[in-house]
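Trainee: Let me begin by handing over the structure; questions about it come next.
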Amino acid sequence: MQREKIVVIGAGAFGTALAVVIALENRHDVTLLGRDPSLMADLRNERVHEAALPGVELPDALGFSAEPDVLAGASIVLFAMPSQAHADAAQHYGPYLASDSIIVTCAKGIDRNSGRLLTELLETELPHHPIAVLSGPGFAADIARGLPTAMAIAAEDATVAERLATTISGKTFRLYASTDRIGVQLGGALKNVLAIAAGIVEGAGLGDSARAALISRGLAEMSRLIVAMGGKADTVRGLSGLGDLVLTATSHQSRNLRFGIALGRGEGKDMSGGLVEGAFAAAVAARLGEHHAIDMPVTEAVAAIIDGNLDVASAMQQLMTRPITTE
């Protein structure tokens, strides 16, 4: 395998975890790029990122930089910043990209300003670069600690997807190639919304049966929207759909689940535990459903609760009194 230069942009938990797991293999030259020179210097010198990944040792093979010119010659560039920061990052770093760089978005969200998928946004900002997406069931802490993790990576060109999967995969981090960028992205965004729904049910003490019902009916909503927007139904049953939903809606490592639990308990919109992508994606997903004439009652209820337009008890009453239909 050819040694490649890989740059991960975004020194948060997920970006750092990806940089760590790729660098550990020592098959490629890997650099973590962030905007804070002081932070990047600390990471380089101390070899630990206590704020994002406490207790995880950063490998000697991993480089750190706050200088955009480190992107020169990079064949693969991972965008690991939050979804709402993608447009700014593309504009900031775009001029420094090598002409043949493949861009991989690693965020699980939808641009809330335009309602566009992140691959669409990046294609507008970086029109001369292939754009891929990495998504699936993987918590940053698990990835960084070398716990077995499998995710999906999708590109329009199957050859590009397979190259990325082969290049980035390692002993504990396995990627499956796909050409369904739409399905992989929507699965990653919608599972966050459904994890909030699962958390609301848990926080309100509505029981495991209600949680199972919301997750399964939410999965049906995910499938309908993915197909309506041009994705593949099979993707819903894969890592970026069902796999990520199971993880995010059941594990208390999930920020979205914890956020939902707080809502269910009436504690308000507490985002002190970190970024909650589903809180931004809910309203956008509901609008996409309306635009494509897709019935998405669970997603709409979550969006209304987050916006303060509906309380939990009323939301559950509305869901339970909807007209009876077939599954």
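Glycine too: its Cβ is placed from the backbone N, Cα and C atoms.
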Trainee: Looking at Swiss-Prot, F14, R35, A140, R255, L275, E277 are annotated for NADPH. Which of K108, K171 sits in that same site?
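Mentor: It is K108, as the record lists it for that site.
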Trainee: For the sn-glycerol 3-phosphate site that Swiss-Prot assigns to K108, G136, K191, S254, R255, N256, which of the candidates D100, D142, D244 is also assigned?
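Mentor: Swiss-Prot lists K108, G136, K191, S254, R255, N256 binding sn-glycerol 3-phosphate, and from D100, D142, D244 it also lists D244.
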Trainee: Long-range neighbours only, meaning 6 or more apart in sequence with Cβ under 8 Å: which ones does G136 (sn-glycerol 3-phosphate binding site) have?
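Mentor: Expected: A150, M151, A152, V184, G188, L239, S240, G243, D244.
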Trainee: Provide, as an integer number of angstrom, the distance between the C-alpha atoms of K191 (active site, proton acceptor) and A140 (NADPH binding site).
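Mentor: Rounded to a whole number, the Cα-Cα distance is 17 Å.
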